[in-house]
Structures are given as C-alpha cells and as structure tokens.
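Down below is the structure, laid out as structure tokens.
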Amino acid sequence: MDERRTPADGPPVADVESVFQVADVRVDDETVYYLGTPLASAEVLERELWGLFRDAGYDVSLTTRAQSSAPFDERPVVEDRFGPTRPQYVLVAEPRSPHIDGIPWTNLVFFVLTVLSTLYVGSIWYYVDLDSPLALLEAWPFTAAILGVLAVHEFGHYVTIRYHDVDASLPYFIPFPSLIGTMGAVIRMRGRIPDRKALFDIGVSGPLAGLVATVVVTVIGLFLDPITVPESVASGGGAIRFNDPLLLVILAEVTGQPLSYPDPGLAANPVIFGGWVGMFVTFLNLLPVGQFDGGHIVRAILGPRQETVAAAVPAALFGLAGYLYLAQEATNAVVLWVVWGVIAAGLAYAGPATPIRDDPIGSRRRALGALTLVLGLLCFTPVPFEILAA
C-alpha cells in the first residue's frame, strides 16, 4: 500500500497516511477517493493535507462513507487494537480548476438579462416612452451606473481570489425588475481559503473597490443635468423618497451640487441613484456576520471570537426596527430591518468562512479593516426609503 501512488499523479499514499490510515483508493470522474480512518482531528487532518493535495492539483475535504458517492465495495478492512474494522471516513480529492475553461455562457446569459432588466427599470426612472424597444437604450446611463458599481465590487473580490489561488467562479449577475433592476451579483468560491491574510484580502477588496466606483459614479451623477418629471407625476403626490446616507451628503457638499430641487418638475439625475445603491450594498455587505464581506474581515481580525460579534448583529437590526416603529413609525424601514435581521440570524447560525491556517494577521490589515468598517457606516441611513402617500 505504501508504495502505491494514486491515479492521475495524486499525492503518495504514504504521505497521506501520516494523518489518515488508507484502506483503499478509487477514482471516479477525475475525483480521487481515499477510504480510511483519520489519525487526527478533522482540523489537524485538513491543515496537514491541504498543501500536499493543493500541490498535486486537488482540493481535499473529509466526509463520511455514507455521505460520499465514493465507488467502494464492502471489502476493505483495517486492523486496529480492537481487531478488523471497516473504515467509515473518506478523503475526497477534487481536481482544482484555477482557470476558466471555454466561454462562460451561463455568466454571459445572466449578465445580458441583467442589462435588459436594468435598462427597463432605468427607462422608468428616466420616464422614457417605450413605444419603440430601442427607446430602452436611452436608459443606458442608469444601467452603466448600477452595473458598474456592482461589477467593480465583484471583480475586486475576483482578482483577489485569483491572487490567492482560490478556485472560484466568475460573477453571476442576477436579473430582477425591482427598483434597481437586479438582485446584485455573486461569486461561488469552490476552494478553501488558505489563511487569515487571504480571508481578509478577499473580504476587504470588494467593498473598497466598490466604494471607489460608488464615489466616481456619484460625483458624475451630481454633475449631470437633472431630469424633467412629467407633470402628471409631479402633481400626483405619491412617490418613493430615498434618504441620503452621510457619504452621499458629504460628496454633494464637496462638489457643491444639489441632491434635490425646489421645482417639483425637476429631479436629480438617476445616475446619482446608482451611487446610492452602491452605498446601500456596501453597508449591507459589511455587516460583520457569516460569509458577508464584513464577516470575512472581522473573522480575519478576531479569529473565532467573530462569532460573538455576529451573534449581536441580528439583535442590533431587530432593535433598530423596534426603535423606528416606536419613535418614527417608519413602517417600510421596520420591515426592511426585520427582514435583514432574519437574514443575519441565518448567516450567523451558518457561521463564517474558516481558513485552513488560522494565524493572526498584522496590524496594517487590522487598521485597514477598521477603516473599511467605518467607511461602511458612512453608507448607512436608518430609513433608506419612504413611500409617500398620494
């Protein structure tokens, strides 16, 4: 057994057996399965074997025989001090795919659909007459603002993920004809994160890149001409009012540009709303809970103590909802923060991302993490929007 190598030039069985007694090895569709018995805890085993399998081109995980699809028969047994036993644990070594193979059609299709949905929603913001489908193109500044902010945020993550050699997908944009035309974008990380430094860098890169894009989009929007509101809308009374986070107010003050107009027939350019969306998304992503960006940052800084902070986040959001209900009767904001409180509770229960090596990060990263969280607070407003009665 010690002399045998796994198929596809995987790690030698002898090296694996330093922490995992191997009874049998099988290959199924390029995935290598090692049946055997752990000789250490799951954390120690993963830490010891991660580099070995990574160098051979695999991501490795430990599971049970019942939970795996490994093609083992009932024959393999091993001898221990209690006599012959049948191993019940499996090391699953899946081939890493650090590069994109072929054209990512699914990502492209979802992106095109998201472009169309944001163009449609943008046409509403610009009061475009949709007699012709080509009229949708008049809303391209709105689409560029929304998707520009989201894309820069996601590719900030993606570049850092690739830098740390973690296997991940390209961003998936999610079309949805809501107030912004999308439900955002997500990246699927398939590989494990090697250490706290990588976890921190991956967590902080998206919000910082997205904030830079948000500031650029907001400043451009502030200098664009206001749009004309149709008289039927201006005199109708009913509307949705978006309240301004502190960062947006600061940018308006610095540039000397207005965020609203006394004339009901004029409204701020919708590109500014793209910046507002960027700020709102940044704040939510920086909540220090679960596998949100803020959860990654705080987990990298505090280690396992992050879970104590995460447990307080749902309570804080529920408390904010209660305060707004009692003090301001801001019903829409109450519902919003209750929903996010429930989401935060679920994320806190699921737990944060755990790196393979859990050594502390340096003071520079800690300072950058604190600064990033403070910038996230500048993007917060307790009542993001209000529905005004007609």
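These residue numbers are counts, starting from 1, taken along the chain as shown.
The backbone N, Cα and C atoms fix where each Cβ goes, glycine too.
Taken from TrEMBL as is:
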- 105-128: transmembrane segment (TRANSMEM)
- 134-152: transmembrane segment (TRANSMEM)
- 142-306: domain 'Peptidase M50' (DOMAIN)
- 198-224: transmembrane segment (TRANSMEM)
- 267-287: transmembrane segment (TRANSMEM)
- 308-328: transmembrane segment (TRANSMEM)
- 334-355: transmembrane segment (TRANSMEM)
- 367-385: transmembrane segment (TRANSMEM)
Among the ranges 134-152, 267-287, 334-355, 367-385, the one whose Cβ pairs under 8 Å to the transmembrane segment (105-128) are most numerous: 134-152
Leading stretch by Cβ pairs under 8 Å, where the reference is the transmembrane segment (367-385) and the options are 198-224, 267-287, 308-328, 334-355: 267-287
